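Residues annotated as compositional bias 'Basic residues' in TrEMBL: 866-877. Feature annotation from TrEMBL assigns compositional bias 'Polar residues' to 984-1001. Annotation comment: TrEMBL describes 33-142, 143-252, 253-358, 365-469, 470-572, 573-675, 687-784 as domain 'Cadherin'. Look at TrEMBL and you will find 849-882, 984-1009 tagged as region 'Disordered'. Here TrEMBL flags 1-23 as signal peptide. Look at TrEMBL and you will find 812-836 tagged as transmembrane segment.
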Amino acid sequence: MDLRDFYLLAALIACLRLDSAIAQELIYTIREELPENVPIGNIPKDLNISHINAATGTSASLVYRLVSKAGDAPLVKVSSSTGEIFTTSNRIDREKLCAGASYAEENECFFELEVVILPNDFFRLIKIKIIVKDTNDNAPMFPSPVINISIPENTLINSRFPIPSATDPDTGFNGVQHYELLNGQSVFGLDIVETPEGEKWPQLIVQQNLDREQKDTYVMKIKVEDGGTPQKSSTAILQVTVSDVNDNRPVFKEGQVEVHIPENAPVGTSVIQLHATDADIGSNAEIRYIFGAQVAPATKRLFALNNTTGLITVQRSLDREETAIHKVTVLASDGSSTPARATVTINVTDVNDNPPNIDLRYIISPINGTVYLSEKDPVNTKIALITVSDKDTDVNGKVICFIEREVPFHLKAVYDNQYLLETSSLLDYEGTKEFSFKIVASDSGKPSLNQTALVRVKLEDENDNPPIFNQPVIELSVSENNRRGLYLTTISATDEDSGKNADIVYQLGPNASFFDLDRKTGVLTASRVFDREEQERFIFTVTARDNGTPPLQSQAAVIVTVLDENDNSPKFTHNHFQFFVSENLPKYSTVGVITVTDADAGENKAVTLSILNDNDNFVLDPYSGVIKSNVSFDREQQSSYTFDVKATDGGQPPRSSTAKVTINVMDVNDNSPVVISPPSNTSFKLVPLSAIPGSVVAEVFAVDVDTGMNAELKYTIVSGNNKGLFRIDPVTGNITLEEKPAPTDVGLHRLVVNISDLGYPKSLHTLVLVFLYVNDTAGNASYIYDLIRRTMETPLDRNIGDSSQPYQNEDYLTIMIAIIAGAMVVIVVIFVTVLVRCRHASRFKAAQRSKQGAEWMSPNQENKQNKKKKRKKRKSPKSSLLNFVTIEESKPDDAVHEPINGTISLPAELEEQSIGRFDWGPAPPTTFKPNSPDLAKHYKSASPQPAFHLKPDTPVSVKKHHVIQELPLDNTFVGGCDTLSKRSSTSSDHFSASECSSQGGFKTKGPLHTRQINIHQF
């Protein structure tokens, strides 16, 4: 049978499965003495093992692992990935592997091994039996290189004499097959006798008569050969000595004897007494018992044969487990040529003298006798394959196996005598780090014997516990102005793991640039100097990370509060505060708010204000910073007030600082324009017919004692220029010709010129009469003055040319009477006008102050809009000349304006265009809510928000000749702007929100606030 036949046989045997789920068995047959890396079999192929996971349908990576005993030299190896079995460099010697066994052909020589398939989901235990077939690697050998045979001289021809048989460790055809006698000298021949057991015994045949006296010794060679390929042989010297004759041989009573003896029989115990008889007498009848040449040396060591008596006794302790049956050949010789032969079969019976044997083969290779498991290994992790055996038989050899104490491990039976040591529950390194327990194997003998095997299992820590901080939130406090490197605290975290998994390093999170943290010790120090005013609190995280794989971490919040020190002086929002108030502001009115801050905290921040040098003109609230007037303002008497303010904090020692305050008194439009030219309302200018267009024919000039926009004047012709012959410059007051005079234009022209200022909140105005006489000459001045006198009877809103009665036909007496009467009327009118004006002015100003106070305290845009609507419904008032011509207001409900002496009624469109009106533009939105109690909102500064605000203050009651100031939306100006720039003609609101420009003027921040007020001037 060749190697291929053996593989086919092994494949057929592999089809017989024991348990496809747990254990299977394979049988392979190989030749001994195979070289390294010769394939023996393929486990997955021979067992038809699929690499596809039936549950998931995915390909699985199987691992094949040979279960070996520690210290064993493996005869085969298994590929962990493919499951193929190969020979190793360790030679498989059948004669060594099965030493002491019978060499019969039917007795197989084999060895067994176990292979496990991992992982646990695919776990299988494969028992592999490898039958080792013999190869002809041993030559047959005789017991001795020289064989001595004594043959009597009277031996008959064809007599046979046994020759010691040669032995060959090989079996079958590789064993002894042929003997050959060399140089027999034709005296001797050789014959082979085959025993029932298959042994070949050589016999020497006498072919010629022997004569000791002629030749007593024959030296030959005998050759033995086996049947192997290549054939092996050996030779021995056969020396035949011709001896004297003894013609009777001994005879045993029984040729085959079988006895039983217990294995615990003591030394010296008789086994059997053999008896042989000899018909000869004398020395030829003396029988000598000896062991046959085929008796194994081990048997000869166990049993002793008395050469004289034939008694076989126990010479050494027997062990049934080592050899259960001993076959002994005993020869009885009387010195004749052919001894008698008897075969004794000694059966050694079992006693329970062997404890069970535990064969512990680790699936997970131990290190110094200890198995290391990871605490994350799953349940049923295979640790070792345990094989228990007992050399005893029957009941004495029946073994049970168990674990001595309660541990998270159990034994799972695979075969009758094999168990898998597995984990029975999840392992926890933090609970128990090491297990040491015994596996007990006990037989069923009487008394029972047992054996233990110690198993040590150490758990390897897995990084399954993150570091834990002692405090999840760490709160600290430190004073500012600290030194660098100041120790703050030690941050500590613990980890239930061990080794590097418990080595913790600390790391600062973001927003922690002011701190240093020792990565090993957790010591937190300050890396910079803290300034509470820059940052009062630091909130950051600290991470504790272990060195496991993968690393685990946790975080704690750190809150560091910086304690204040009095290291900052109070700081004014401006080094120079400038406030602007209207003149006529009542005494004890609020004029401004000093804003001061202190970057410190607590008592160090509490600031008290005081005035240093003011002569009691103002009162300063030490806590709110509100400045109130202790005087009544009159810009014409004093336009500004300057004093110093000191701020002192409550620290120890206290700190202070000073600032300069300037109160600027702003003008109120309380003066009407005063006409300088023409000097009177009765003067005239001659306009020659030759005058060219554009030439100046008259000049109107007036002044206003107010300032700013209140003093800017605008000139307008409101009546007497119905032909459009003249034009007045609104700024200079120069009257020029628009076109060349025609002859029809000859005569006296009366121009009513309105002079109005651009004041706020109301515009004041004055009317002046300008008489222009168009003619080449003015020779009769009296006549012209008489014409002027007569024009006084014509209302100002009508042209003097519209009168039906020509002035030229009036006589001189009438003119004089008219002049006297007119003068009387003018005097009476002036007197009445003065009285009425005083009364109405007082009432008007009181009402105006009430309106302004209400708007200043709680501005309401809706009310303003309603007021505007009502004002628009009013009729335009009429004015009379003041100084030159007094204008008297007529009742608004008059349907028709009747002309009276010294009184004019201006057309509504002219009044809307020029007299007492100025367009202030759309009103800006308010920056505070109505009825707001916070006065500080009326004093917005260009600096940051002040540290404190004004408390609500009750307005002072209105007094005569005083105007309640309506504070602007922004009444705090940047220091350094000492003067106000002259406002443009498009903005006349001196309370407009403005800011100082680089040239010292003011830029309008937004739309100007417009207030349209009907003017009643007397």
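Each residue, glycine too, has its Cβ placed from N, Cα and C.
In TrEMBL, annotation is done automatically, which means it is predicted and not curated.
Against the domain 'Cadherin' (33-142), the recorded stretches 253-358, 365-469, 470-572, 573-675, 687-784 differ in Cβ pairs under 8 Å, and the greatest number is found for 365-469.
Looking only at the domain 'Cadherin' (33-142), the predicted model's pLDDT averages out at 83. In terms of DSSP secondary structure, the domain 'Cadherin' (687-784) contains 11 helix, 43 strand, 44 coil. Summarised by DSSP class, the composition of the domain 'Cadherin' (365-469) is 4 helix, 55 strand, 46 coil.
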